[in-house]
């Protein structure tokens with residue numbers, strides 16, 4: 001499963017400005033989803049990969 005990560009407080013996606021491989025997105029995805037997650041910047045928001053099915 002894949003998808004954007006959102007802020008639980010306001011429901012907004014995590015913004016990013018460097019498209020493609022992005023250390024910020026990778027770090028945020030791993031923090032919120034787990035060590036096996038991947039992440040990159042897609043359409044100026046952080047996109048996470050390898051999410052659990054219940055995410």
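Note that Cβ sites are derived from N, Cα and C of the backbone, with glycine treated the same way.
What Swiss-Prot annotates here:
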type     : residues : note
DOMAIN   : 1-55     : domain 'LCN-type CS-alpha/beta'
DISULFID : 16-41    : disulfide bond
DISULFID : 25-46    : disulfide bond
DISULFID : 29-48    : disulfide bond
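Here the C-alpha separation of residue 41 (disulfide bond) and residue 48 (disulfide bond) works out to 9 Å. Taking the Cα atom of each, residue 46 (disulfide bond) and residue 16 (disulfide bond) are about 6 angstrom apart. Across the structure, residue 16 (disulfide bond) and residue 29 (disulfide bond) place their CA atoms 13 angstrom apart. Secondary structure from DSSP puts residue 46 (disulfide bond) in a beta strand. The number of other Cβ atoms within 10 Å of the Cβ belonging to residue 48 (disulfide bond), over all protein chains shown, comes to 24.
For the domain 'LCN-type CS-alpha/beta' (1-55), the number of residues in each DSSP class (helix H, G, I; strand E, B; coil) is 11 helix, 17 strand, 27 coil. Cα of residue 25 (disulfide bond) to Cα of residue 48 (disulfide bond): a distance of 8 Å. With a 10 A radius on its CB, residue 46 (disulfide bond) counts 24 other CB atoms from all the protein chains. Packing around residue 41 (disulfide bond) is summarised by its Cβ count: 21 other Cβ atoms lie within 10 angstroms of its Cβ, all protein chains included. By the criterion of other Cβ atoms within 10 Å of the residue's own Cβ, the least surrounded of the disulfide-bonded residues 16, 29 is 16.
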